[in-house]
């Protein structure tokens, strides 16, 4: 339970930042926050706390000079989240080939009966869970069986479903943030989330790290509301069904629960309930797919932590990778979030009020999951953008709290220089700081999103052009059409972009020397077959390569660099016609800043595009 002084400050903050919702009986907390009704066992205790809050709030409201500022209701925030995530579903490109080959392709196999399989899905290794795919695939499966739509419609249906799920999480988190940290921080977090490039990319990505973001942050929201049972259950979903390393987010929750609350009984009880209700069905489903006892979360932890090679064979990055990547995805909010621990110390030393502005937990406890996550993953040699997905909403939150700290410190210095009458709230004199940060981060976010779409969306648009061929008189539904790709294999968006089931992706030999995926074999037990060409050492296997002369279509990016294995296919006019060509960024020939952020009238003069081509083979003697 927070001390009375902390509750008084919390309620004063809420009183100074309240607005009536459309339905007056449902308000955010005491002054506008939409609290859930208390459970029956805790009703009396909640009523006593409510009386104390109302008494404290009375005095605070009398001092408030700005009782009704702009404060979006929970319902309004949810609508904006849904709108933003649907925009992501439609316009975000697939930034990670792991998303395509490890999730969209096996999902295509589940729904349409064919798709590419990676070594992680081989029963020999069993690193990926089919249970996770089924959660996304069941709606798409029934959609396909009932309506038989174009595969691309299934793709976007699943994406919209993911975006809506993310918005539900953000609604829950927004409500909890307003209650725990105050409404001012809640509305800052709302703006930062809506225009965050990181959220634009991660919210609709078919990745376990995005799934763990949904449930991991929802678990934190439940924790901040002191709903420990729900927090444990959501953390278990995040770690078992999503990404096992996401359990790291739950460590501060567990430590606070055991060491601060000393509630061992609830912890043990709900850990067993959560583990049994999630792990047992998961093991049963994966065992049926792999044909042997399989617990995928344990396998992936074992591979990444306890094998001699681990994930480092796929590449290592310096510490600066996450620094730069964080700025690209959150711009100045990322920098503000990194400096929050220092700013909280300065706030404690400079601002005279020593009471906490949070309701239940001090900042060093409630925000520990983010900095614990950064501490662990910054230290790993193998770094990828998606590894930070689970804490993206926390970056926005810590950035919002840093802005609030700057506002309080500014008001403190101003009150020392100028005579300010008693009872004036610090927001009355410092809102320009919050507005400046919101406007700057919003403009940078929109600039980055626009740059991503212009620079990297071509492969998805190009594949849609194959739908035009399906309407061509030359199209034969009884033929298997081979769509070949060479050095640009990692930019392939997935089989859902093919117009029909008689199209197959084929790999041409290039300068790449790593492991490529292969198609699931035909048959009912295709997921149980162990293939000799798969390995966990990222070693090349010739089985994956296709005969160039059998290609019907070819996807190739012409960036002006050619080798014997990576020729300029579009110049072979005797063999190919250019069916569609779209611009795609050449990073090495473009300005680092102006390629990352779109600046009108400047960017186009300092970046260079190549041609991303869809080639169609000219008719052969057999007429194809």
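Placement of Cβ uses the backbone N, Cα and C atoms for every residue, glycine included.
Curation does not apply to TrEMBL; its annotations are automatic.
Given the structure is predicted, the values throughout are model-derived calculations rather than measurements.
Here's what TrEMBL has on this protein:
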type: COMPBIAS; residues: 43-55; note: compositional bias 'Basic residues'
type: COMPBIAS; residues: 57-71; note: compositional bias 'Polar residues'
type: REGION; residues: 13-71; note: region 'Disordered'
type: TRANSMEM; residues: 153-173; note: transmembrane segment
type: TRANSMEM; residues: 194-224; note: transmembrane segment
type: TRANSMEM; residues: 230-255; note: transmembrane segment
type: TRANSMEM; residues: 267-285; note: transmembrane segment
type: TRANSMEM; residues: 327-349; note: transmembrane segment
type: TRANSMEM; residues: 361-379; note: transmembrane segment
type: TRANSMEM; residues: 391-411; note: transmembrane segment
type: TRANSMEM; residues: 432-453; note: transmembrane segment
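In this chain, the transmembrane segment (391-411) lies apart from the transmembrane segment (267-285): fewer than three C-beta pairs between them fall below 8 angstroms, excluding pairs fewer than 6 positions apart. Fewer than three CB pairs closer than 8 A are found between the transmembrane segment (361-379) and the transmembrane segment (267-285), and contact between the two stretches is not assigned (pairs 6 or more residues apart). Of the ranges 194-224, 267-285, 327-349, the one with the most Cβ pairs under 8 Å to the transmembrane segment (432-453) is 327-349. Sequence-distant contacts of the transmembrane segment (327-349) (same chain, six or more residues past either end, CB-CB distance under 8 Å): 192, 196-198, 201, 363-364, 367, 370-371, 385, 392, 394-396, 398-399, 401-403, 405-406, 408-409, 437, 440-441, 444-445, 448, 596. For the transmembrane segment (194-224), the residues of the chain that approach it from at least six positions outside its boundaries are 80-81, 84-85, 87-89, 92, 94-96, 98-99, 103-104, 107, 132, 136, 158-160, 162-163, 165-166, 168-169, 172-173, 175-177, 179-180, 230-235, 237-239, 241-243, 246, 249-250, 253, 256, 328-331, 333, 359-361, 366, 369, 385-396, 441-442, 445-446, 448-449, 452, judged by C-beta separation under 8 angstroms.
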